[in-house]
Amino acid sequence: MSFDIAKYPTLALVDSTQELRLLPKESLPKLCDELRRYLLDSVSRSSGHFASGLGTVELTVALHYVYNTPFDQLIWDVGHQAYPHKILTGRRDKIGTIRQKGGLHPFPWRGESEYDVLSVGHSSTSISAGIGIAVAAEKEGKNRRTVCVIGDGAITAGMAFEAMNHAGDIRPDMLVVLNDNEMSISENVGALNNHLAQLLSGKLYSSLREGGKKVFSGVPPIKELLKRTEEHIKGMVVPGTLFEELGFNYIGPVDGHDVLGLITTLKNMRDLKGPQFLHIMTKKGRGYEPAEKDPITFHAVPKFDPSSGCLPKSSGGLPSYSKIFGDWLCETAAKDNKLMAITPAMREGSGMVEFSRKFPDRYFDVAIAEQHAVTFAAGLAIGGYKPIVAIYSTFLQRAYDQVLHDVAIQKLPVLFAIDRAGIVGADGQTHQGAFDLSYLRCIPEMVIMTPSDENECRQMLYTGYHYNDGPSAVRYPRGNAVGVELTPLEKLPIGKGIVKCRGEKLAILNFGTLMPEAAKVAESLNATLVDMRFVKPLDEALILEMAASHEALVTVEENAIMGGAGSGVNEVLMAHRKPVSVLNIGLPDFFIPQGTQEEMRAELGLDATGMEAKIKAWLA
């Protein structure tokens, strides 16, 4: 969309942070209002992450106004909240392309802008990176400042606390801003907090604080009195704080929607030495009432009419694979009170809302703590329960050692329901489920299943749930199922595939939900089509049968070719000294950018047309 100068006259003056810093402070509330309206106008037309950005408008303006970005380095955790940052840093007119193929990256991205210091997408990385950047800046000696912005969800992760513990030890000059949008601010408490925050962050208080510590450090009774006095003053703002114990100078909480107050506090804190912590309170979805009332629904939105206040309803067609999983989970839990379900902050995305309501005592949202989720499941299994870890493929990477050390080595019966496997679409490189088959396949005695449709998905979940000799995994994609009939649940024979149709010369061995595309290719080329079902253990007898009765084999999977299911087929053939030619079709050896699933599959040759072209070129 073209930028309407008449509609956004103040925002029109700001196409860089240098231009922002030329504005008089008095114009900044108006700028924030226009920025929020422009964000609503843009995202409603193009889709994208929405509610988080509405909540960080004032913070973004204040940070870029006070700090000399991009020389001073501003780091956003996760990046859902960074749309206003992109708008103010030279990407205003392109914001309508965000998350689209060839458009702006969905998150801060180093290759996109010098203002994007750290490429992000996964949670809780900002403080660790910020410490490294601050240490490097200190050694550089150019008085470059470092600021990390992290949300109240992301800061619950262990990695964030590991980083803060380290910062308290080495004491780099840096600021961590906690964007806390869990509750709204009482006007009276907020006003008191803002006044005291400015007092406590001011030079006079800081000088007295540090000077007093030095003068009286050798006099234990006075040192203790000073400590208690300071704690009493701070108790008016917040009654004790973990962040002070970790070594940070804590200020807050303050109103994150008071842009002028934020500027005063940030200016006071800018020159303080050592690790600083500013706690701000914001409202997710601020300025757009429907998003304020339902920030979860409006977290990421499709195109919608902002005047209606409603998101478009789904067409009511085929269920998603997440819904298939959620329904199976409820069905199984109703029959077995040993079932326990775990998710690391992905209740809605993983299809677990209904389960959490029906079985609240068997539902565990452990927050953004993938490592804990897996080892917690191990403990439940040791205790005689049947844990299921529902997790996105890209986030299971964060708990790899726990899968190995705490589950697999001990042969514990934990079922991993791996959602968002394969190409996920608009979230791009950081969220593609490209690697799970590769990193799980090498784990001894792990059972790994790849359903070709929703009925197989249910049967495999049932099979994995009743597998008691070790861990198992079922991986399924983002998006809708294909519409096959759901049959009664029964256990599948472990490690056995099935031949779907017989052809000549060429056999296609399919792993997973690319089956409809593979079926079209098999029909066009008169090829045998096999639903392999299991990546581990592989159906070696079936692979050898196909090798003996065909001139060439093709493997198909929506996972990295390197180390994936096709690599496993190659290993079987080489181990048995079978000289048959094999073409492995899957995800290539680079990080796949954003675009719709259909766009990226077509570009990568993973639709029927692309597969057939690859096979014909290979056979020529």
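Placement of Cβ uses the backbone N, Cα and C atoms for every residue, glycine included.
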For the thiamine diphosphate site that Swiss-Prot assigns to GLY121, HIS122, SER123, GLY153, ALA154, ASN181, TYR288, GLU370, which of HIS64, HIS80, HIS85 is also named? HIS80
Widest Cα pair spacing in Å over the listed thiamine diphosphate contacts HIS80, GLY121, HIS122, SER123, GLY153, ALA154, ASN181, TYR288, GLU370 is 32
List, in sequence order, those binding-site residues among HIS80, HIS122, ASN181, GLU370 whose Cα sits within 10 Å of the Cα of ASP152 (Mg(2+) binding site). ASN181
Tertiary neighbours of HIS122 (thiamine diphosphate binding site) (same chain, Cβ under 8 Å, six or more apart): VAL78, THR394, PHE395, ARG398, THR430
Which has the fewest other CB atoms in a 10 Å radius around its CB: ASP152, GLU370, the listed binding-site residues? ASP152
